[in-house]
Amino acid sequence: MQVSTAALAVLLCTMALCNQFSASLAADTPTACCFSYTSRQIPQNFIADYFETSSQCSKPGVIFLTKRSRQVCADPSEEWVQKYVSDLELSA
């Protein structure tokens, strides 16, 4: 009986540590979200790269990275945003 109690205690401690470890990994992962979009079209020659926001964000978005290392949120349904994304994909 004592062996099974000790084994159960070890199992519970191991589960608690694994759960703690996986929770801390998820908390350290940054998620970039857009809460508003740029109201102006950015000149295409200013754009160096882009990425899409996470599905965990409340609004979908495309984040353009400028050549001056700034991040600009844009509405993915805008025609110019789709063109820039397409052009960046073709040049990659």
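The backbone N, Cα and C atoms fix where each Cβ goes, and this holds for glycine too.
As given in Swiss-Prot:
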- 1-23: signal peptide (SIGNAL)
- Cys33-Cys57: disulfide bond (DISULFID)
- Cys34-Cys73: disulfide bond (DISULFID)
- Arg40: site 'Involved in GAG binding' (SITE)
- Arg68: site 'Involved in GAG binding' (SITE)
- Arg70: site 'Involved in GAG binding' (SITE)
Three-class DSSP secondary structure - Cys73 (disulfide bond): strand
Arg40 (site 'Involved in GAG binding') CB neighbourhood, other CB atoms within 10 A: 8
Cβ neighbours of Cys33 (disulfide bond) where a neighbour is any other Cβ within 10 Å: 14
For Cys34 (disulfide bond), the one of Arg40, Cys57, Arg68, Arg70 that lies nearest, given that the recorded positions are compared by Cα: Cys57
Residue pair Arg70 (site 'Involved in GAG binding'), Cys33 (disulfide bond) - Cα distance, angstrom, rounded: 15
Distant-in-sequence Cβ neighbours of Cys57 (disulfide bond), under 8 Å, six or more positions away: Thr31, Ala32, Cys33, Cys34
Arg68, Arg70 as recorded sites, winner by CB count within 10 A: Arg70
